[in-house]
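Enquirer: Before I ask anything, here is the structure I am working with.
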Amino acid sequence: MDGLVYINLNWGITILTQTATGILGNSSLLCLYNFTFITAQRLRPTDLVLTQLVLANNLVIVSKGIPQTMAAFGLKSFLEEAGCKVVFCLHRVARGVTLSTTCLLSGFQAMKLCPSVSLWMELKIKSSKCIVFCCFLCWILHLVLNISVVKHVTGPTNNKNMSMEKMYRYCSSPTLGRLVFSVSAVIFLVTDVMFWGLMVWTSSFMVLFLYRHKQQVQHIHSSRLSPRANYETRATCIILILVSMFVSFHALSGMLSFWITQIQNPIPWLINTSSLISSGFPAFSPFVFIFSDTRKG
């Protein structure tokens, strides 16, 4: 019993540390972007997209990290059914928004680099109304996708046949029927594959751009390159790092989640590891922007 308490305490401190780090990083960026907006300083067209990303990151961390920390410390019945529905819906929607927003950032950066993009498209990318519409669409899309799943969520229970307790120890859900489960799985799979495919395509284009840019600078001294070219190269590298982090964390999280669902009684360290990895991108991605000093240029 003492060993079990020790393990839970260690996991609780670990998850709490990651949660606090992620909230601090995302909140710092959110304050920076809001301060820039309030003081009417120069705003880049993608600042609104970045603001949405750090906001969604914070929601993912708060809705997953805090309950998982409390569960790791032994508090498993602190949410009623309504609270479970709200927390689960918030986490699912925010997680989906991070996916679509990362894809949006990658797409915008690729279009900015494309020499054949039309003037009309370039103006659309820089249009605040267009960006606001895309951001709004991200939230609506994932809210619609997840609203049907949330209705099956209930409060914690002692029934071992509750499938969701494997992933969320503070909430539960009865095992869905084969047809409902299959339809839901196909919808989420198609949506994720679509966004992942777009990210891979745009990232491949940006890698090609960086390769061509490297060949050019071999013949031209870096001091003769325009500040605009240097800025776009730096921004492209940042977006590629962000996409690589997203794909790595979410691919590993997806494999662990699938593994957990196939086990009758998954061990606690597997659930805790899955929780840490699923919150890895929201917790650490803001520091890519902080340490790269993206406000320059």
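Just so you know, glycine gets a Cβ as well, placed from its N, Cα and C.
Copying in the features that TrEMBL gives for the protein in this structure:
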| type | residues | note |
| --- | --- | --- |
| TRANSMEM | 12-35 | transmembrane segment |
| DOMAIN | 25-289 | domain 'G-protein coupled receptors family 1 profile' |
| TRANSMEM | 130-150 | transmembrane segment |
| TRANSMEM | 179-211 | transmembrane segment |
| TRANSMEM | 231-249 | transmembrane segment |
| TRANSMEM | 269-291 | transmembrane segment |
Enquirer: At a threshold of under 8 Å on Cβ distances, which of 12-35, 130-150, 179-211 pairs most often with the transmembrane segment (269-291)?
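Expert: By Cβ pairs under 8 Å, 12-35 leads among 12-35, 130-150, 179-211.
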Enquirer: Compute the average pLDDT of the predicted model within the domain 'G-protein coupled receptors family 1 profile' (25-289).
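Expert: Averaged over the domain 'G-protein coupled receptors family 1 profile' (25-289), the predicted model reaches a pLDDT of 77.
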